[in-house]
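Q: Below are the C-alpha cells for one structure; questions will follow.
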Amino acid sequence: MTNEDVYILGIETSCDETAAAIVKNGSELISNVVASQIESHKRFGGVVPEIASRHHVEQITIVMEETLAKANMEIEQIDAIAVTEGPGLVGALLVGINAAKALAYVHSKPLVGVHHIAGHIYANQLIGKLSFPLLSLVVSGGHTELIYMKEHGHFQVIGETRDDAAGEAYDKVARTLGLPYPGGPHIDKLAQLGSPTIDLPRAWLEKDSYDFSFSGLKSAVINTVHNAKQKGIEISKEDLAASFQESVIDVLVTKTKQAAEELEVEQVLLAGGVAANKGLRAALQEVFVDNGKLELMIPPLHLCTDNAAMIAAAGYISFQQGKYGDMSMNAHPGLSIEG
Ligand code: KG4
Ligand code: ZN
C-alpha cells in the first residue's frame, strides 16, 4: 500500500441486491459482496419495494462488515465512501445512503454520490482502461440507453427507450412463458436451445434515431402465445425465446454499430444486467472484434448485474474530481445521468 493508493468502499442498494465492495484506485477489485433478495421477490413475480427496503436494512451492516473482512482491511484504511444516490427505489436507496452517511460521519471520510448507470458503465474500468471518446450500450431492468462519453464523468444520452427497457421486456416475456423472475437469464438459456423461426417485429423508429422501443415486440410475443393457446397449438418455447432474443439483439447491435461509426469512438462498452446475455455478448463480439478500429469492453457476468464494485469504481472518478456529497445527501429515484 503506497500513500497514493486510493481505497473506495462502495455501497449499492437501489433495487434488490444489498452490496458493498472495496476497489483500489478505481480499477482493482479488492473485495465484493452481494446479498441477493431474488428468492424473496420471486413469488410476487417482481421486486416488491417494501420487502426490498426491509431486506436492505437487515443486510447492509453484515454486507459492509463482510466486505471489509474479505479485504482484510479496517474502515480507517478506506479513503472515501461511495454510494448509489439514484435512480432506483426510494426506500431501498435510502438504506444505502444512510449507512454511507453514518460511516462517513463517524469515521470522518469523504462521501461520494454515484449515479447507478454511471456505476454500470464504470464496471468496465475493473477490466481495463477507458479510452475516450467512448460509447456505452446500457441495458438493464430499468434502462436501455446509448451513452456517449467524451471524458471521465461526462455522460450524454444519445438514445434511449421510449417505452420498456430491454430487461423489462425480457422479464415480461418470461412471465408469459411461465418462467420465474427475473426472466432474462431463463430466456437466454432457452434461446440457446431454439431457432429464431417465428417472425417478430423490430422497432427501428425514425431513420437516424438511436432511440429504442420494445413494447411492440413484447406485445407480439404475448399475442403469439395467446393465439397459439386459443387454437390449441403447441408452440416451442425455445423457438419463441430465440426469435424474441434475435429481435432484441438485432436492434441493439445495429444501432450501437451505427452510433459507434458516426461518433468515431475509441471504445464500445456494454453495461447493465442484460449485458450478461450470452447472445448479446456474442453478437457484439462478432460485430466489433477483429474490426481493429475500436475496442469492445464487456464486463464479466458478476459485474454486469447490480453490485457495489461498479459504484466504487465510478465513485473513484468523482473522488478524484473533488465532487463530494455531504450529510444532506438524499435519494433521487429519477436521477438524470446528464447532470
Ligand atoms: O442491472 P440490473 O441487475 O438491475 C437494474 O439496474 O435494473 O438488471 C436486471 C435485469 C433484469 O431485467 C434481468 O432479467 C436482466 O437484467 N438479465 C438478463 C440476463 N441476466 C440478467 N437479461 C437477458 N439475459 C440475461 N442473461
Ligand atoms: Zn442496475
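Backbone N, Cα and C define each Cβ position, glycine as well.
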Q: According to TrEMBL, Val138, Val139, Ser140, Gly141, Gly142, Asp171, Gly184, Asp188 bind substrate; which of Asn72, Asn98, Asn277 is also listed for that site?
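A: Looking through Asn72, Asn98, Asn277, the residue TrEMBL assigns to the substrate site is Asn277.
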Q: So TrEMBL lists His116, His120 for Fe cation; which of Asp306, Asp326 goes with them?
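A: As annotated by TrEMBL, His116, His120 share the Fe cation site with Asp306, chosen from Asp306, Asp326.
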Q: Taking only C-alpha atoms and a 10 A limit, tell me which of Val138, Ser140, Gly142 are near Asp306 (Fe cation binding site). These are the binding-site residues.
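A: Candidates kept after distance check: Ser140.
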Q: Excluding His116, His120, Asp306, please set out which residues of the same chain place their CB within 8 Å of the center of the CB atoms of the Fe cation site, keeping sequence order.
A: Glu12, Ser14, Cys15, Thr84, Ile117, Gly119, Ser140, Gly272, Gly273, Asn307, Met310, Ile311
Q: If the criterion is a C-beta within less than 6 angstroms of any ligand 1 atom, which of the binding-site residues Val138, Ser140, Gly142, Gly184 pass it? List them in sequence order.
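A: Result: Ser140, Gly142, Gly184.
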Q: Between Gly184 (substrate binding site) and His116 (Fe cation binding site), what is the CA-CA distance rounded to a whole number of Å?
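A: Cα of Gly184 (substrate binding site) to Cα of His116 (Fe cation binding site) measures 20 Å after rounding.
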